[in-house]
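J.: Relevant sequence annotations retrieved from TrEMBL are reproduced here:
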ACT_SITE  C:86  active site, nucleophile
ACT_SITE  C:202  active site
ACT_SITE  C:204  active site
């Protein structure tokens, strides 16, 4: 079976996100003053073959926790669908 | 005081790393039992990191003064050396070993941030950075991860901050497998009359916190202990501190601008132990107190407890005390740079720090008793000579067979491609070395980094600062007393070979657990060796950093690694000397005495696989005389290139001089020496120079005259090929490929 | 001629550029603060290197909306001269003042080293008078891989808008001499009006004999011809 995983990796909320902070400043320069917080992460899509949804899920979990996210400072969420 | 809180016990104190006798001492100081906030304050201020309690008695034995010193060790954020013309150079080295082991990218980045803040809080604009890195076996996946992360972290932070990285060292040994060493050095220039001090005085003067907001960074230890007395924190603690070089760059510009106003009484960077460290150190020095309202501190997280705000190690922050009435002038500058700037309190009479939160006094502590040189404890730890020390001395040269014939080529290739010797290009090309239009070695490779002092107000100013970081930890492990002397000698030699006069030292002492007597023995002997050598070269120690506990349960302690950062002055630009052979036909001479010695050499250690041997041959007086001779040759413009013999021995030195211009050499070994010792031995106090044939007579006259310096003509520079005793050992092209690309191949 | 060097938060080559223009080239030069709306009568505006706004999001993306950029863009549209070096190139590209974009280096690593530049366009003031086939200039960037779509590339070549290509020390434009994977070794481009220049290498870092390389000075001196 073929699956598509859509993964979001975000900096943990207690970790400083300098990039988000600088982008907020940029948005204020543009006149969009009502933005109070910006945090920036990564969006990853991954196509994979697996025997079952459970199998696919397990692989995505491994990919996220071992490689795609640095668990010391990032969290991840994902959705998985057949595709 | 918080009335609902139960007072901590000796058990809580232990969890905070406070010994029972220290707990008693705190009670005596306060005349009562401290509350948890106060106890956690003492725990960080009396930690090794802030108080140097296990090292200071020995550090005090180091030479600390010369007629060029403007600030001695421990007086300011960094050492300060007079370089003439009303200018001073501020410089320091600091470790970020443990954070880098956990998360190499951010650990190294925040290390770079911290050391630069130490420099610019003094009002000095940083002009150059160096770093000294040590990693485990480069073939391990974990080592590669650490190397890539650390190098990228240093690069991303330093490059964005905009200060060139002009040199450094990278060394691999399996003793660093779990515990890499990341030591960052920075140097800056300040007008001698405009130095900002880390001090606080003047009743009623406002106290500001500036820069980043405060989060729960770096408070893991105290947080764990706090569970004794309060409910468990539900919010996760950040395990890693994230550096923001953009913020640091803004902070640099704003800080230099406020210092320029003349309204700053005192300023200190917030590093370890954050607000509590800077409030107590500045107050103790100025013999005043402070009232601080923690509700006014901008925070990144909500509901932070008082002690969390006090202990937080969030990056890119400063504490500034300003003359009363000048608040608006200071605020305007921070507004211009879009930086937080919040008044959090004011200076008061007496020596106590009063911290308020939610209208309550949550801590009341005497500043003097918290700090090094005040009430912080000082210990002499037990030490004992380790068994290996005598074992290493039993090494017998005759147990190793000499190289002959084609084996010379084999050893040459082994060494030129060894990660400890091969070019670190893969590393340093990731660092911006040319920003600042000041790096004078970009187009003239040399033994030390050279940075001109560039100031638009002093166009075409001539003086340059030379700088280097050095330590062969294998030597120090073999013999800490001799090895540390060699580290200082090599640093001075690198500066002298570049045409500079050595001025002063900053040190980064990386050792294992100080409570292990054998480790402490290494520490004590290394400090004594360092002191002896610094005295000889008239290079006082202006400060630095001690990092203990560099060890793991599996691998034991790392090699004792007392990294020496040294600066020197080049007054006349024509004295700057590069290491590359220039012209075919130039004579190649070895200055200094050869030895039948291969002890602790890379050749013996990694080619022969013999790990137990003493430090290489070294004599401090002979080294000093050699440096005097090299200085004379440069002053008289008699040498076209100068390069010292160090890791890998004479052959590697010749190769490194030949490779930049793609030339070769034809040399003969000398009678009376083993070939391996002559070519690959690492006995100290030797320098390879190239001399134009028409200067040969004068060259010999200078060395043979009053100086009586041992020297020998080895051969000459050729158009290509590395020839020893008539045999081509390796072609220039193959040597270049091995030397330039081996480390990159290993890392890919 | 009066030069203006824009200072964005995070610029770090502003002082280098000012020093070079004032001390090495003897020109009048002022700094222009990014929050201002006034070019102070400058004839030539330079956007210097650095990491404006930390290079967060995309290089040059946030700086492009700094207040002073309105005036810089208007100046360029009036035919006024603008030059972006390194991060400045990234900013003028983001602002659409020159065609193309700068992507992450193909090695995925920041690179700082001396490279060689072969001057291309014969019809710009910057390169028209450069007669050597290779100029040694430092680069220092993580995002310098020039990219443009096929049509844009064709028009750049057809209109003589390529300023420099990376080459070896003999002036040969080879794959090996391309440090960052730029399309057709392109190191710098100009707009159709040939009054806005963008280049990744840093001529200001090679303009002082004290540094042992003054090749960059030959390049910057071309700009002085504007007054002629």
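Cβ coordinates are placed from backbone N, Cα and C, and glycine is handled just like the others.
Annotations in TrEMBL come from automatic prediction, not curation.
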J.: Over all shown protein chains, what is the count of other CB atoms within 10 A of the CB belonging to residue C:204 (active site)?
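T.: For residue C:204 (active site), the 10 Å Cβ neighbour count is 30.
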J.: What kind of secondary structure is residue C:202 (active site) part of, going by DSSP in three states?
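T.: Note: residue C:202 (active site) is coil by DSSP, not helix or strand.
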J.: Please list, in sequence order, the residues in the chain of residue C:86 (active site, nucleophile) that are at least six apart in sequence and whose C-beta is under 8 Å away from its C-beta.
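T.: Residue C:86 (active site, nucleophile) has long-range Cβ partners C:13, C:48, C:49, C:50, C:139, C:140, C:141, C:144, C:199, C:200, C:201, C:202.
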J.: Inside 10 Å of the Cβ of residue C:202 (active site), count up the other Cβ atoms and send me the figure.
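T.: For residue C:202 (active site), the 10 Å Cβ neighbour count is 27.
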